[in-house]
């Protein structure tokens, strides 16, 4: 009947608006049961269960054989790791697979059979589940003794397919690869030519005299190629050229030319190309997200205009404000946006909205999230007003920064004076007294600021929350220190009591005081701009972090399968291996690699014997071991190319884009003291996006596989 149709239209409009808010596709079933299932699937509870399942199946790598549940990774000292019995982790895996099977079944049903065949991600999802379940059955049939488990490498796919932004980012990366390939090919030509020059230049001497350059770096083609590849990262610079330079200074020209052409030109050219191309593809991705949002809003308008309460004889479609208010009451959206739309509706003098007016209402979704701080309390007393003015003034905050700096300097002076003293000779009186004085000042400063600003306004500033939390922790630690060890006095060196010694508690307090000094950042405009840029990246670019987790996980599992047990402790036998360590610098060329040589008896770690050691020591520090075979270098070079050359340059591209965007906004608009602007990745490109036309939206709506429009 009419009432049932109206309810269906209302529910369709609710779902379409929620799709627009989340940038989701509207190409799904729109009957009553499917809409209920759709909203249940995208509810917080259901999505939380799915996210928890993905986390659990990824975390299984830490407890599966080989287990990471040991305190130390040194095979000489660690106890045998606890390995779960056969069937324990497999049972957890099966439960996770069941959740994923339910997930893919619901998704496939909601989009329909026709859309299913167009969705490559869903087909890959099903294929991954089939392979994983087959491998799980094989594992149980061998009583968990098989060495290769393919399903472990496939686990990151579950994380990847669950994030639409991650998929877009991966698609953008894939589109950028052809442009990257041209520079990488040029880099390979550069490396190959200089490798041939090096083998000719540093050839073995005929008279049989030892040639250190030839023996150490250019003995054959693989060694020469590896030495120059490492030099491309500046990791073995200047060690690689020292033997040749000692023999003849002119040899340095070869290494200087190689470094200048490779590092200063080609690597930075690669960064520039990645920045330019990836920004373009990401812009296209964000443009498609905007189209989805506009399409969802327009679809909601079209179904609401089909309500029986809307006049049918008009030339143009309209939506009644009452129907929209009914929809807004049930839509799950940000309260700020909902209140803003409600206010606009109340101010509207008409009873019906056209398509343009309807679309304009929901442009509130595209605006910056504005956080306005609560007002300060109004005191009637003249004395309290003066107090409020004095302690609410920025100069009072500057005074607190000066006091914090004095605290840091005093700690440094005491640490320098006690650096060479034995623990038994150290007197903790000075540090204890200094900490007591400054912590009392921090407490007084916090209370006075709360008095001047009010508790709500004080807590509305992140810097104040950071400052206040550390002050409270410092006060608790100081009270605990006095309760256990008494008040400071000359010769204050009591015996160990409680969980921590006096020196440990003093060190903990001092570390928190040093950390608290970061409160100066909001008072330095340029530094605050840099920090807010980084924080925005952390909040908004989770897709990049997710892709990095996927790459880390896949390479870690592959490394375990390839090299597990290949490296064993050899006692006093001399070993030589390279560790490439990530050092993130503030320069434009963000990645530098350092080579450490261990030529004596080493504190040995079994890098490939468990998942945690593989991630921490081999991938994060990019271990390159010359103990197995030369083919193992392919694994590490592939990791270096993906993580350092490609992924880090992509991160630099978005870091630059975010920083330039914030810098432009800073130059064109004065920041207001009581307003904070919070932006998302989509809003970064909002100024350059093109609005879809009416014809494009209606054409796309008429192509909807499950929605039949009246016009």
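Note: Cβ is positioned from N, Cα and C throughout, glycine not excepted.
Those TrEMBL annotations? Automatic predictions, nothing curated.
TrEMBL assigns the feature transmembrane segment to residues 469-488, out of the candidate ranges 449-468, 469-488, 669-688. In TrEMBL, the annotation transmembrane segment applies to 181-203, one of the ranges 158-180, 181-203. The range from 429-448, 689-708 that TrEMBL describes as transmembrane segment is residues 429-448. Within the chain, the transmembrane segment (122-145) has long-range Cβ neighbours (under 8 A, six or more residues past its boundaries) at 65, 86-87, 90, 93-94, 97, 100-101, 104, 107-108, 111, 116, 151, 154-155, 157-158, 161. On the 0 to 100 pLDDT scale, the domain 'Ion transport' (397-659) averages 67 in the predicted structure.
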